[in-house]
């Protein structure tokens, strides 16, 4: 599906530009955005190196195991296929915690690391049930305090910049619940289809 | 607000200090472990590069051609009919695709309609309660070499739709 969506985005864009004479802009955008993507990756290097370094120390000090054990009763319901004290649990929890506190820079490396551990568990190049559940939690956009949005509201003279915290949290919870339900639904549909 | 920003400034340094203290007490070779983890991070970042270039270029072709704006123009009248301001539609469409573009649009909506307008609050809530599904899929699955995503994309995009609809309903009830 991702193959089709990816090709479709580019092809639709090029055909549309051909029909409406925007080919110039498309041509520029191709090279500019490739450049941007490289800059984005380089920006990720420092974050990934630093956080995976710190998390390795935390892992070797046994802190991830402790965290995983403490919160596993809750999380193991959501991830039934991950053993209780597997390192994946620790990384999943670190990712969720970092997301909740709006520490996006720390959340991404831990999320990737969690995926890597989940891949070790499944041992295949196909997305496993746990991986998709974990992805669903992340795309639902967990946030306790949407600090970037608050900052923008503050900048544009809102009388009460934080008043959207409650509605945002509520919307996030509904989105998360929806994501987890859909995840379950598609998992069972998929299993039935493949027998 | 100041307490909240205070917490997030303290959180990371405190976390790092705690990790290093615990590691030292447990006689873990902290620096060596850091370097080992960091090497893994460097490798990961490099392996991500082609995934990000591919995805970002395709998205930017779609946007720069004007096709995305045209699609928005087609759906907007229908939304206006059910009472959703059509100015919010570009944000709802771009949010799952591009995080920076969505942030730009949110800023634009807030600056042109006002932070405390209905649409300004809606944009803020939408921005805060969803995340960039396509980016997360690309980065998380790309970095570990998952090439068959199965139903992941469907779940991610439908979850975005739920989050967006929930934002509209909640903001309408609370601030409408």
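A Cβ is built for glycine as well, from the same backbone N, Cα and C atoms used for every other residue.
TrEMBL annotations: computationally assigned, not manually curated.
Listed in TrEMBL for this protein:
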TRANSMEM  A:6-25  transmembrane segment
TRANSMEM  A:37-58  transmembrane segment
DOMAIN    A:42-149  domain 'Nucleoside transporter/FeoB GTPase Gate'
TRANSMEM  A:88-112  transmembrane segment
TRANSMEM  A:132-152  transmembrane segment
TRANSMEM  A:164-187  transmembrane segment
Counting Cβ pairs closer than 8 Å, which of A:6-25, A:88-112, A:132-152, A:164-187 has the most of them with the transmembrane segment (A:37-58)?
A:88-112
Please count the residues of the domain 'Nucleoside transporter/FeoB GTPase Gate' (A:42-149) that DSSP assigns to helix (H, G, I), strand (E, B) and coil.
82 helix, 1 strand, 25 coil
